[in-house]
Amino acid sequence: MGRADPEEGQLPAPVKPPDGGWGWIVLLGCFVITGFSYAFPKAVSVYFKELMKDFHVGYSDTAWISSIMLAMLYGTGPVCSIMVNQFGCRPVMLIGGLLASSGMILASFTTNIIELYLTAGVLTGLGMALNFQPSLIMLGTYFDKRRPLANGLAAAGSPVFLSSLSPLGQVLLEKFGWRGGFLIMGGLLLNCCTCGAVMRPLDVGMKRKMEKAQDKYEAKEMLPIGGKSEEGISTTDGTKKAKKAKKKPKKGKKLLDFSIFSNRGFIIYTISKFILVLGLFVPPILLVNYAKDTGVPDTEAAFLLSIIGFIDIFARPACGVVAGLKWVRPHAAYLFSFAMLFNGLTDICSARASNYTGLVIFCVFFGISYGMVGALQFEVLMAIVGSQKFSSAIGLVLLIEAFAVLIGPPSAGRLVDALKNYEVIFYLAGSEVVLSALFLAMATYCCLNRGKKKEPPPEKNLSAGGGSDTEEAESDVQEAEEHSSDNHQPAHSTDNAVVAASEEANHVAEEQSGEGGGCPEGDGEVLARDGCNADQMVERDSF
């Protein structure tokens, strides 16, 4: 009773995430998808030297392959959101896996660099984008209480796959050449289809349970005392049939929900994330060249990235565990701000590192802070907008981040060419990350938390990450089942109650009629036997 009918254009009731069970299989699929999405564009770089020789192009020309992949991953966010809202996560991921695999397979037969842009860049990048976003959406539907841990474990796929795909690509290049390597990598990307196949929708069984409990409650609520349950159930069925006959035309589902821009928490998150991305990826991109310029050998300089990846593998799950603690989760936005502040200060403090030991220390702290940021970024977004609007929110956020990705690293490269000084770049990148951290923390405190305190009815502060998306659904189911069980009493107990009430009323009537009084007050049916006419009963009942 009082629940919106989803058939009349309302949003369906949220479904309780199991926080386990099949959700662990979904988490494994999300781990693989995240690894491919973030690591694959970087792992392809091992083939660049061979591509430069075969196609007679420069390094900047081949680097566009990875850039196009990342641009497709971020820039097609709204397209992914529309497809997920229209067709669901599983079909979109299956199509994405086929596109990603076919892109690399076709790239193995290309004859010029433009064809590589269209196949390995556009087609594979689009396929990975169609896998990455739906996998995060499914992770949010299967986990609620353990969602910070699930996000941390899934995010660990990026460093794990980066440390695996790069050596594998080098081995494939030596044994089969770049064409054979692309062909085998395309076969590996078919695993995205397997990950998409395990993304089973969650809402079917839970919705049936809620509808059954609601039907029981409605049937018992309409029953008169001592009446037959069959009559009540038939009345309920008739009411439901009448509803279906008179129901309004079905409203179309929003393909992209722009109403999230009315959420102040989402606006604050988006602005801070844009500033963050301007400087977040600059240090790891320039680190190797910076180390070489300080006199570090090539092999040791390349090993610095391995240090970051190794630390990152453990930092992400550990941060997910910390973020899931009861006293930390309500303040996840502030923990995210601390992670960004930690990362920015690491960049600033390492700007003057002049030897290999200093660079190793920088990589350790950068790996920790970078892992914290990666583990918390989507957890905080889920807490702000909720699982119902997350599909639209992440698409719009990724689109905005795409502009920052295209502005930040290229601008840093041009400054290096102009100034011939890496120190200024590290200061600039660190300052941008620190600014994003301060903006998120201050805006969350001033614009959200203080505003919530002034309102008389306290609301859940989703911007801080402490709310549960399914508490309302749980209370609805429990309330319906409690009402159903309370009203579902045995027939003989109801009859006994009616008989006892009748005997007591008759006893009162006999005493008052013996005293010569008028008609006593009571139920009309009981008192009619003691001489009261119908008019008197109607008059009494009116009072």
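Cβ atoms are placed via backbone N, Cα and C, with glycine included.
Model, not experiment: these values are computed from the prediction.
Residues or ranges marked as compositional bias 'Acidic residues' in TrEMBL: 469-479.
Residues annotated as compositional bias 'Polar residues' in TrEMBL: 487-496.
Summarised as a single figure, the pLDDT of the domain 'Major facilitator superfamily (MFS) profile' (23-448) averages 84. Taken from TrEMBL, the feature domain 'Major facilitator superfamily (MFS) profile' applies to 23-448.
Per TrEMBL, region 'Disordered' is recorded for 452-543.
The annotation transmembrane segment is assigned in TrEMBL to 21-40 (among others).
Here TrEMBL flags 63-84 (among others) as transmembrane segment.
The transmembrane segment annotation in TrEMBL covers 91-110 (among others). Sequence-remote contacts of a segment are chain residues at least 6 beyond its ends whose Cβ falls under 8 Å from one of its Cβ atoms, and for the transmembrane segment (91-110) they are 33, 36, 80, 83-84, 116, 119-120, 122-131, 134-135, 179-180, 182-183, 185-187, 189-197, 199.
Tertiary proximity for the transmembrane segment (116-137) is limited to same-chain residues at least six positions away from its ends with a CB under 8 Å from its CB atoms, namely 29-30, 33-34, 36-37, 40-41, 44, 51, 55, 64-65, 67-74, 76-77, 79-81, 83-84, 89-90, 92-93, 95-104, 106-107, 110, 154, 182, 189, 192, 195-196, 199, 378, 387, 390-391, 394-395, 398. The transmembrane segment annotation in TrEMBL covers 116-137 (among others).
For 181-202 (among others), the entry in TrEMBL reads transmembrane segment.
The transmembrane segment annotation in TrEMBL covers 266-291 (among others).
Look at TrEMBL and you will find 303-325 (among others) tagged as transmembrane segment.
According to TrEMBL, the feature transmembrane segment maps to 332-353 (among others). Residues of the same chain lying 6 or more positions beyond the ends of the transmembrane segment (332-353) and with a Cβ under 8 Å from any Cβ of it are 148, 272, 276, 279-280, 283, 294, 319, 322-323, 359, 361-362, 365-366, 368-370, 372-373, 376-377, 379-380, 383-384, 422-423, 426-427, 429-438, 440-441, 444, 463-466.
Within its own chain, the transmembrane segment (359-378) is flanked in space by residues 136, 148, 151-152, 155, 158-159, 273, 276, 280, 283-284, 287, 290-291, 294, 296, 304-305, 307-320, 323, 332, 335-336, 338-340, 342-343, 346-347, 349-350, 353, 394, which lie at least six positions past its ends and keep a Cβ under 8 Å from the stretch. Taken from TrEMBL, the feature transmembrane segment applies to 359-378 (among others).
Taken from TrEMBL, the feature transmembrane segment covers 390-412 (among others).
Residues or ranges marked as transmembrane segment by TrEMBL: 424-448 (among others).
Counting C-beta pairs under 8 angstroms (sequence separation of 6 or more), the transmembrane segment (390-412) fails to reach the transmembrane segment (181-202), with fewer than 3 such pairs. Counting only same-chain residues 6+ beyond the ends of the transmembrane segment (63-84), those with a CB under 8 A from a CB of the stretch are 37, 40-42, 44-45, 48, 51, 92, 116-117, 120-122, 124-126, 128-130, 132-134, 137, 255-256, 391-392, 394-399, 401-402, 405-406.
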